[in-house]
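Asks: Here you go, one structure.
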Amino acid sequence: MANNEESRGLKSLFDWFANRRKSGSTSLERQEREIADGLWHKCSKCGVLAYTKDLKANQMVCIECGHHNRVDSDERIRQLIDNNTWKPLDEHLRPTDPLEFRDRKLYSDRLRETQDKIGLIDAVRTGLGQINGLPIALGVMDFRFMGGSMGSVVGEKLTRMIEQATQRRYPVVIICTSGGARMQEGMLSLMQMAKISAALQRHKDARLLYIPVLTNPTTGGVTASFAMLGDIILAEPKATIGFAGRRVIEQTLREKLPENFQTAEDLLQHGFVDDIVPRTQLKNTLAQLIALHQPVLTPPHMVLWETMSLTSTAAE
């Protein structure tokens, strides 16, 4: 987080009003219109209204309190992947409704409405790209699509991405954010836990690196499978990470849980994650970890008699 005023920019609504007073008065209607048009973003933690352009420049981390606001998959890819290196995978895969599930509405209708609203086919985007020049396979979950729930398409896309990474000998990074398995797909969604885990085991057997990044929230079947299978497990500050929800656990145990229960900081203290990395440092941290695990180039194998011959020649 920047400390000097120059880098902080228009950090709050008070700064904006101060600037407007200097540049001349504006109507209240215009001010309200600019807020409604998305020029401002209200921090869900401290309530400060920040200029959206400045907030995006700080990767949606509140300049006032450091709260990590939720970001969509498009923004996350822009933050991590080098320009003009992103190659999406399996964009043609679409979810279906094999169980003809219905709760308050048909699952097929819910899918169509969500797809039309946010422009995504399902809750994950996968692809190949580069981080600081290093090739990786990246999966990014999107909480806007039915709470980032894991259905058949999410499982299939992640599995195919991991298999491609194994074939190409790429490290895998998955940005996790999910409420868990998608109940509308029943057992089919639960099967994705085993399928993704099996693909990750083959990736591990090939001695390749896998780093999950746990963001707010990461819960349910995602936590119980691929989110916790990394060689190095990273988390964002204050992220909620767990299996069952806090309210469910409190009702089951009939006792109040600690305030920091199921937070990234609590999991770090108990050894369930390896490090907590602020979003503004995530790209460089991933690049450093991937670079450390790149295969070391060794000279071609040389038989003993050739070594002896070279040694004796040098001595002469």
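If you go along the chain as it appears here, the first residue is 1 and each next one adds 1.
Yeah, the Cβs are placed from backbone N, Cα and C, and that goes for glycine too.
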Asks: Looking at the candidate ranges 43-65, 181-203, report the one that Swiss-Prot labels zinc finger.
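Replies: Of 43-65, 181-203, Swiss-Prot gives zinc finger for 43-65.
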Asks: May I ask you to report the DSSP-based helix, strand or coil state of Cys65 (Zn(2+) binding site)?
Replies: coil
Asks: Got a sec? Which of these binding-site residues, Cys43, Cys46, Cys62, Cys65, has the most Cβ atoms within 10 Å?
Replies: Cys62
Asks: An 8 Å radius from the center of the Cys43, Cys46, Cys62, Cys65 Cβ atoms defines the neighbourhood of the Zn(2+) site; name the other residues of that chain inside it, in order.
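Replies: The answer, listed by sequence position, is Ser44, Lys45, Gly47, Val48, Ala50, Ile63, Glu64, Gly66, His67.
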